[in-house]
């Protein structure tokens, strides 16, 4: 059974994950030899480049990613953010978990069995926990890696589609480049227009294309090796790398910026892990992808060693005439597939950032009812498309785009290496020696590539830097603003006893109905509600304070999602409910949220009554209870037997609508009975929602930088992102917004 499932996943993964890696043969040699690196008479350069390509492929995608980094997943999620949230959970090195040290822990927090802590891991942890600035730098570093992936999302489609289409100019040399650019734009628009169908359909559609592409390049590679120069096999020995640098010197170093392109897309394999399983990725890569790629590069080198004049378009020139058109066609399709990998990765990364409060609220569409990770974000999709078209039309030249692309790719890889160092020491608690080996081995190689790419910043390398700086500005400003806002709410929350005393003194009216008050605070009365009551002394007879939390785990099990507690004495009829989500989960994938909440409150009353400790809980603003996923029988009976009205709730798997007659004998105790009946009656009277409409300003005394970040950037983002009420799916007619000004 599991074998079949794994193979199916491995098959699907061809459509989504490796596309990016497999397209590289189209442009690697072309970009590598575009600079000063011209060929001398001997084969040294070609063999040196082939050797570099082979070892890069072996060390980075195979050894680093497939074998080592895939092991550092976060409950099946991959990507830079997953590494960061692993560290946040294990230690106080993160900035994100400090906001949500909430009630009770979630089982997936504790499921990794703790290993023995080493002295060094404690030392590194302590160092980070002592210095706040280091934690800020770490978060910025993670956000930089993330924003570089988003930069990749612009460059990958452009680069690969343009390279594929430019093959036309070999058969029609007189074709003006405007036509190839136009064709590339058409393909790009088509690719982005397909996105709203979702990953799974796209994956099934794309896998056969990619497999046939791999078969093509592998087969043609074998043909070229035997036809032109079987001796290229000796380039597998690293001696040729040394020889290459000895011969080519500085030009050899600057050509590394082109060689880096053969490992693009290794990061996408890790970021897309959430859609597949580790085993399926490992199988697909080692058995199919890796051998085909090596053969393709070897075949092309064999052809080049006999045809030095064809350097500029070696990939297409090396094709035997009979297969030229089919391969060009498949190449164009395959580049579209390759771009798919990074587009999916961009969507899933942006939705993680949004959930952890590092990205403005945007619309996220879940395209698959089974797999949570498969999403589509319209705004991001169209932004990416317009950026892609702009780059294609603006640069036109694959060489400049290649420079930009190499830099973006290598920066992401370097970020992953640094984070892995921290993961190996603080999460896996291995000795610093192993971590240092990992970081030094891969880091030194990546730094070498990085230095070559940085030299090309003036020639197109500035583009990803600019893109990722813009993204970084948006993300860090949003995170900073949100953190300041929550800090303000924490400092200004009203103490419960004070509030209850106040309400009895003011001659408060309790109007019929149920009021849901949404806020971020998990304790006390949110300042917004206190502000409302002091100006307008009336509120509903039943009051539920709701706060939604995103934890730094990918998914929260449904039976641990709801926490319900009572505020004050039973006659106050005030409850608090905390709803917890993982960063990979969409909110509001369930209907009729308020009915579900009410059912949870009923459950809570039932639980209290079953424990027979109504007295104990009623004294303080008691401890919270975790409410199980499926309603208990008593509540189902109660709902089934009330007189009028309907409530939708989950039972087992489906939703049931029930009508009410009178209550079952299960609830003998008077208080609980009357309370339950009252709750249901108030629900009939009507439901309204209260939410804060806050304006956040920096304090007059704050520095200019802070004023700019909070007032200008954060203010602009808040005005232009979706309103919280829309995100929460609150019906507009029963919404009360309370205006507040926060001076942070």
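Positions of Cβ are set from backbone N, Cα and C atoms, glycine also.
No curator has checked TrEMBL annotations; they are predicted automatically.
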Any idea which of 323-347, 348-372, 373-397 is down as transmembrane segment in TrEMBL?
323-347
With TrEMBL as the source, which of 232-251, 252-271, 492-511, 512-531 is set down as transmembrane segment?
252-271
Can you check which of 7-29, 76-98 TrEMBL lists as transmembrane segment?
7-29
Labelled transmembrane segment by TrEMBL, one stretch among 204-226, 549-571. Can you tell me which?
204-226
Choose the correct range: of 111-130, 431-450, which one does TrEMBL annotate as transmembrane segment? Give that range.
431-450
Should the transmembrane segment (252-271) and the transmembrane segment (404-425) be scored as in contact, given a threshold of at least 3 Cβ pairs under 8 Å and pairs 6 or more apart?
yes
Would you kindly check 7-29, 136-159, 283-303, 323-347, 462-481 and say which stretch has the most C-beta pairs under 8 angstroms to the transmembrane segment (204-226)?
283-303
Do any residues of this chain, six or more beyond the ends of the transmembrane segment (323-347), have a C-beta under 8 angstroms from a C-beta of it, and if so which?
15-23, 26, 79, 149-150, 152-153, 156-157, 160-161, 163-165, 167-168, 171, 187, 190-192, 195, 199, 202, 206, 209-210, 212-213, 216, 220, 265, 267-268, 271-272, 275, 316, 375-377, 380-381, 384
Of 49-70, 136-159, 179-197, 404-425, 462-481, whichever stretch has the most CB pairs under 8 A to the transmembrane segment (283-303):
49-70
